């Protein structure tokens, strides 16, 4: 992956914040907060904002449902299948408290394999039962179903509401924002469908939609506009209004990350010359961290856990990219072109 902008670096940075936040949580340390969110959650939101722009741009350039979905599947599923199989068939038997035959016969083992079909399940039988966060094998998987749902949404809007797509995206944004605000008032209410909690999904889909709208409306990316939003956020923050805070945080994060991402900074613009490691880091870091806690004990400490898991995650991501993800992407139809440049000013 080589670009003339900072997007590869920004995704790598977002994946790194996920490693940081999860490392703190899994070591029993309070998680760093930024813009009103856990730093790991903020990293996921950055992923969604970037994805919203690029995926919408991809559809606008080709508008072929078959090609579009094939390309998306080739990006998301090969690495997902690999991490699921490795954790279930290799990692699980080594760290489970059960004997091997009981492990493989357990319904939880079969259920865990449903992650391949985006039916998120976190538990493998007898695995990580004494960790700080018990039983969770790969907590990063929660974001993949809403990500794939966004792909389907882009295609559906493009096919059935192309003439009114701008209004359609705004309408969906209002609906997702309303669900997020409702969840702020009623955090005890959850609704799980096909392994996915819908309110938390709505929260990250908002960021995808903001990225999509920036692309569709060709919104100019300017430091002056970004600075204006930041000043407004700083002025309104003392009001303690969760609704205002979450709104401005979403706008600043989405707009700001795209402004930075489409800049061309020396060194950073060549970040992807060794491959796009961000997805692999995101997928592998959580089970790596849980494994380190399992062997080192719950008192491993956040700094030691974060550093060691970060190095291992980069290694696994490098192998995942070159052995699996890059090879799968070679199967993409040749008509897929580079993204359209976004209007930008100082």
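Positions of Cβ are set from backbone N, Cα and C atoms, glycine also.
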Could you tell me which of the ranges 112-132, 217-237 is annotated in TrEMBL as transmembrane segment? 217-237
Examine the ranges 305-324, 325-344 and name the one recorded by TrEMBL as transmembrane segment. 305-324
Summarise the model confidence on the domain 'Acyltransferase 3' (6-320) as a single mean pLDDT, whole number. 95
Interface check, the transmembrane segment (167-185) with the transmembrane segment (243-262), three or more C-beta pairs under 8 A: yes
Establish whether the number of Cβ pairs under 8 Å between the transmembrane segment (141-160) and the transmembrane segment (243-262) reaches at least three, counting only pairs separated by 6 or more residues. no
Report, as numbers and ranges, which residues of the same chain sit near the transmembrane segment (35-55): CB under 8 Å and 6 or more residues beyond its ends. 7, 10-11, 13-18, 20-22, 25, 72, 143, 146-147, 150-151, 154, 204-205, 207-215, 242, 245-246, 249-250, 252-254, 257-258, 261, 278, 282, 339, 342
